[in-house]
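Visitor: One structure coming up, written as structure tokens, with questions to follow.
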Amino acid sequence: MEAANYGILSLIPLALTLLLAFWKKDAVFALFMGCLSGVLLLGHDPAFGFSALAEEALGNEDFIWILLIQVFIGIMIAFFMKAGVVKAFAEMIAGKVKSPRSVKLATWFIGLFTIDDYMSPLLRGVVMRPLTDEMRVPREKLAFLLDSTCASVCTLMPFMAWGAYVAGLVADLGGPVTSNEQGVSVYISAIPFNFYAILMVLITLLSALEIFPDFGPMRKAEQRARTTGKLLRDGAVPMMGTELEELQKGNDSDVKPNVMLDFLIPIIILVATAIWTYIAKGGVKILECFIITVIYMSIELSIRKVFKSVTDLVNTAVQGMKSVMSATLILALAYCINTITKSMGAADFLLGVCESWMTPALFLSVAFIAGSVISFFTGSSWGTFAICIPIAVPMAYSFTGGQLGTLVYAAVGAVVSGGLFGDHCSPVSDTTVLSSLGAACDHIDHVRTQLPYALLAAAVSIILWIVVALVGGAV
């Protein structure tokens with residue numbers, strides 16, 4: 001689909017998606033109707049237009065890559081369930097976990113060691129979900145803890161992929177920054193001004209400690225879980241299918257679960273492979289990490305006779321694939337929505353609207369708001385960086401006389417925070433989908449319960465950037 005500028009009409013597909021999602025609480029229906037409206041607005045026949053949209057949005061390396069990650073995480077969890085080790089691990093740890101607060105704090109703490117924003121919610125979800133379920137922590141709260149401490153932590157670590165990417169964008173602009181090394185230095189200086197990320201990490205910590213009170217839909221979810229034991233609301237559609245429940249140990253195998261061989265060693269292999277690929281290959285090879293782990297589990301569970309035959313192994317893997325079909329469908333439709341908003345020029349329209357408010361005093365706040373709105377409607381934080389950094393940083397240079405200084409660092413921090421906000425709040429963000437998958441939570445319920453916390457952090461961040469703009473000499 002050729003790119004064009006449809007002005008305010010470019011916002012209709014995602015706006016309709018959000019309206020239907022919060023009204024009907026059905027992510028698939030809402031995303032489908034949003035895609036259909038976009039196809040019609042682009043002037044295409046519904047049938048052939050939707051086919052062309054799917055081909056463009058899904059027939060690319062990025063989608064196939066994340067699709068395979070979902071497939072292998074489904075297989076890995078299915079193997080865990082087949083071995084009965086998830087239940088065994090929960091029973092083993094239950095005596096050591098004394099309260100919901102301790103398990104929520106553990107979930108938050110593990111998030112500080114994030115090495116990749118895709119792997120983190122999936123891995124932590126697998127490890128912590130049995131414990132949070134045991135302690136009656138609602139799935140919405142687990143998804144919140146997974147989501148808000150993965151990308152946030154990544155943006156606060158200068159030598160992660162996020163920092164390197166933004167540093168490269170800054171270096172490409174020239175001016176006082178002429179190399180990637182200098183770009184990294186600018187990014188490090190910008191970290192203290194990444195207010196949204198810092199606030200979200202702190203809010204999730206205080207929420208885990210039960211110091212910061214729950215409010216909005218999250219409060220209702222917590223009350224439901226603690227009083228009724230229901231981890232999901234009635235009618236919720238968790239991103240992890242019920243097929244896995246059928247694989248619980250005990251139906252057709254009398255092999256005793258081995259927590260070390262069947263659970264801890266696979267997790268160690270997964271993490272060790274991630275660290276090795278990060279050091280040796282310059283980046284975490286997530287798909288390869290899951291493939292290697294699944295291969296180990298296939299061999300180990302076959303040797304221990306958990307799988308009675310090759311057919312049993314294959315059937316278990318297929319059940320795992322089926323369990324993530326809901327997440328896969330939502331992700332596919334989210335990619336389609338992203339393609340539509342890009343084709344209709346939504347990012348350019350939003351940027352044009354925000355640029356008119358770029359006064360010196362409001363510069364940093366507007367940079368954050370522009371990044372937030374663009375990332376929310378496109379579901380892409382990195383795409384937002386590519387759009388906003390080349391505009392916000394040169395504008396900061398114009399205020400500082402072409403010199404590096406507080407305002408330049410704060411501008412980078414504001415744009416990164418804006419991209420992160422949309423990454424957290426947009427139902428079409430891939431990391432939001434993966435967090436719902438990792439927590440086995442209803443996707444729209446995750447978005448609804450996390451949004452108030454994100455808006456609170458955003459509001460405080462805007463105030464802080466106004467203060468920085470005033471103190472930093474922008475006026």
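For all residues, glycine too, the Cβ spot is worked out from N, Cα and C.
Residues annotated as domain 'Na+/H+ antiporter NhaC-like C-terminal' in TrEMBL: 153-468. TrEMBL lists 6-22, 27-43, 63-81, 144-166, 186-209, 259-279, 285-303, 324-341, 361-392, 404-422, 453-474 with the feature transmembrane segment.
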Visitor: With a Cβ cut-off under 8 Å, give me the same-chain residues at least six positions beyond the ends of the transmembrane segment (324-341) that come close to it.
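Guide: The answer is 1, 10-11, 13-14, 17, 27-28, 31-32, 34-35, 38-39, 42, 53-54, 56-58, 63, 66-67, 70-71, 73-74, 237-241, 347, 377-380, 427-430, 433-434, 436-437, 443.
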Visitor: Could you pull out which residues elsewhere in the chain have a CB under 8 Å from any CB of the transmembrane segment (361-392), counting only those six or more residues past its ends?
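Guide: That would be 11, 14, 151, 162, 165-166, 169-170, 172-173, 196, 334, 337-338, 341-342, 346-347, 350-351, 354-355, 399, 407, 410-412, 414-423, 425-426, 428-430, 432, 458, 461-462, 465-466, 468-470, 474-475.
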Visitor: Determine which residues of the chain contact the transmembrane segment (453-474) at the Cβ level, with the cut-off under 8 Å and only residues 6 or more beyond its ends counted.
Guide: 144, 148, 193, 195-196, 199-200, 203-204, 207, 218, 360-365, 367-369, 372, 399-400, 405-407, 410, 414, 417, 421, 424-425
Visitor: Given the model, what does the mean pLDDT over the domain 'Na+/H+ antiporter NhaC-like C-terminal' (153-468) come out as?
Guide: 84
Visitor: Under an 8 Å Cβ to Cβ limit, what residues of the same chain, 6 or more beyond the ends of the transmembrane segment (144-166), are close to it?
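Guide: Contacts of the transmembrane segment (144-166) (Cβ under 8 Å, skipping residues fewer than 6 from its ends): 104, 107-108, 111-112, 114-117, 120-121, 124-125, 180, 183-184, 187-188, 191, 194, 196-198, 200-201, 203-204, 207-208, 218, 283-284, 381-382, 385, 389, 412, 416-417, 420, 423-424, 431-432, 435, 438-439, 446, 449-450, 453-454.
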